[in-house]
Every structure is written in C-alpha cells, then in structure tokens.
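Trainee: Below: one structure in structure tokens.
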Amino acid sequence: MRRVTLTQFLIEQQRAGRITADLRLLIEVVARAVKAISVNVSKGALAGILGEAGTDNVQGEAQKKLDVIANEILLQANEWGGHLAAMASEEVEEVHHIPFDYPKGGYLLLFDPLDGSSNIDVNVSVGTIFSVLRHDKEAGEATEQSFLQPGTSQAAAGYALYGPSTLLVLTVGSGVHGFTLDREMGSFVYTTPFMTVPEETQEYAINASNQRFWEPPVQRYVEELQQGKTGPRGKDFNMRWVASMVADVHRILTRGGIFMYPMDEKCRDKGGKLRLMYEANPMAMLIEQAGGAATTGRKRIMALQPERLHQRVPVILGSKQEVERVTAYHQEG
Ligand code: AHM
Ligand code: MG
C-alpha cells in the first residue's frame, strides 16, 4: 500500500486548489511543533517536566510546566515562517505579535497548547487544539479585533492527541483526515481518511459531578439516557469522561457519541467552561466536517460572533441526532 505522509497530503490539497502554499506551510510548521510537544509529553518525569510551573495563566488557572513548554514550542516554531500575521494562545493574555524582523503573512493562528493539562501528572492523554483564520494584510497589523471572527470563517482546524500513539486530526474544509506519528521516521502518516461521526450512538460524555448545577434541559436529556432500555430512548447508554476534550472528541469522531460541557450554575458568570476561539470553534468545525453537529444548546457554535479572545461558551457536540435532541430540549424549556 502506498504510504502517504502529511507533507504529501498537503501538497495534493494545494494542487487541488483547496489550500494556499502559505496554509500548507503553516500546517507543516504546526505539525513540526506537535512532534516536539509529543517528545516532551512522553518523557514525563524523566525530563523533570511534571507538576506546576508556579505561575497562573490568563484565566487565573495554575500553569503546568508542560503548558508553558508546549506554548513556547508553538510560538517559536510559528514566528519566523512568514505565513502568520499574529498568534493567540490560551496561555497568553494578549495577542502574540510576530517580531518585527520577520515577514508577516495572511493567517492568524490560535491554539490551546496543552489541553486537558490536569491529566499530565497522572499519565493520561492530553492534546493540542488549533484554529486558523485569515487576515487581510492590507488592513494593517493584526489586533485582538482581527481574531474576532466566527468559526465559519476558519480556514483550517485540528488537534493533536498525545495518547498511546500521537495523532494529528485535521480539516481544511473538505472532510476530516487523521495522521499517525511514525516515531522512527519522524513523519505523520495518513492513516484515517474522511473520518465521520457515526450516527447511531450509545455513549455520552459529561462531567457528572456537576449534575446539581446543570440546567433543566441537560438534566432531562441525561436522565433519559440513564433510564436505559426501559426509558424513552429504549436502549442502554454507556458513559465516558477522559477530562481531556481532545481525547473525548477523538473517541466521538471514531465511534460516535455526544460530548457536553453545558452551561451550569458553576460557570454561568464566566459564560461556560470551554474557550470559544481555540477549543469550541476548531472542534465544532471538525465535528461538522465529519457530519456531526455542535451547539451551545441554544445556538450553532460556529455561527457565534466572538466578543473576546478568551471568551468561554457552553459546548454540546457529536452525533447529529443527539445534539439536535439536547438543543431541542433547550428550545422547549
Ligand atoms: P484546560 O484547557 O485548562 O486543560 O481545560 C479544558 C479541559 C477539557 O479538555 C476538558 O473537557 C475539561 O477541561 C475537563 O473539565 P473538568 O475537569 O471540569 O471535568
Ligand atoms: Mg483547554
């Protein structure tokens, strides 16, 4: 069988007119950074990089050493290529401008460098999530305002999953494609073309310890799932919660299901738990490209007009019929 690498895949996408040369370079550079993050993540205690960094990020959350390292790797890898106008990261409050001695490009890159970082110290899967937007160079230097584009404007989105193997899952707007890191060769190999979210599902993912804070539509939906065969759904459901969004979403892209971090009383004043621009939007693009759906319970995530770089939103995504059901319960209630 012909072995196709990420490099080859991207060249073919460019030839087919689906991506520009600059977007190809951008994704290549992100993939290179992901390899470096993967090396660090897998070293764990051997590299002395577990535990807290002793600092807080922009959201007031304690940073892990690996959060800081992954953020640095992504910023440094992407600064000098000439394909970016600016970057934004979960770990950095302000827009990260490209140093003046490097050329500027027509794209904006946003990322959560290490998602699920509470899992680092217990050796459970973590990931990197990224989103790519366009920037009109004629409009001058990129500012926070330049980033505030709805998810429907994304030119590309993807994630890396640092699990038993390291995966890169990507969309440039024509399906969702999965690559597996061949550690010996140092290259990503195209292993999963056109991933789709299976429609039939018997699995759901939600942090059930928040149940007392949920709104009535989510209470109703989960209660119906839990009633199993004898309830209104007429079948038994299983529950999974990795607490790494990347791992939970990857499972849904592989075997279906629904993921919820809904609005609840605990996170209401912040607007939700997950971040719109570098968690919800890229995952929503991937899920929609794979035939699924992604809403806040009330609105399609990708249609939201962002107001702030680090804005939070409720997230309900996965198999289309399930997401539509929860969304309908919100509309009824
Ligand atoms: P992080 O970006 O600080 O790691 O937080 C996001 C993570 C998601 O990966 C995951 O779905 C969620 O937080 C888990 O939250 P909880 O610990 O409340 O279950
Ligand atoms: Mg995160």
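One-based numbering along the chain as shown.
Here the Cβ of each residue, glycine as well, is placed from N, Cα and C on the backbone.
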Trainee: Figure out which of E90, E91, E138, E141 sits with D112, L114 in the Mg(2+) 1 site per TrEMBL.
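Mentor: That Mg(2+) 1 site, as TrEMBL gives it, pairs D112, L114 with E90.
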Trainee: Name the one residue among E224, E265, E279 that TrEMBL lists for the same Mg(2+) 2 site as D112, D115.
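Mentor: Of the residues offered, the record points to E279.
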Trainee: Going by the substrate site in TrEMBL, where D115, G116, S117, S118, N207 are listed, which of the candidates K229, K235, K270, K273 is also part of it?
Mentor: K273
Trainee: Give the number of CB atoms, excluding that of S118 (substrate binding site) itself, located within 10 Å of its CB.
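Mentor: For S118 (substrate binding site), the 10 Å Cβ neighbour count is 13.
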Trainee: How far is it from L114 (Mg(2+) 1 binding site) to K273 (substrate binding site), counting Cα to Cα, in Å?
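Mentor: Just about 16 Å between their Cα atoms.
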Trainee: Let's check the environment of D115 (Mg(2+) 2 binding site): how many other CB atoms sit within 10 Å of its CB?
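Mentor: Result for D115 (Mg(2+) 2 binding site): 29 other Cβ atoms within 10 Å.
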Trainee: Among L114, S117, S118, N207, K273, please name the binding-site residues whose Cβ is nearer than 6 Å to ligand 2.
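Mentor: Close enough to ligand 2 is none of the binding-site residues.
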Trainee: Which binding-site residues are spatial neighbours of E279 (Mg(2+) 2 binding site) here, meaning Cα within 10 Å, out of E90, D112, G116, S117, S118, N207?
Mentor: E90, D112
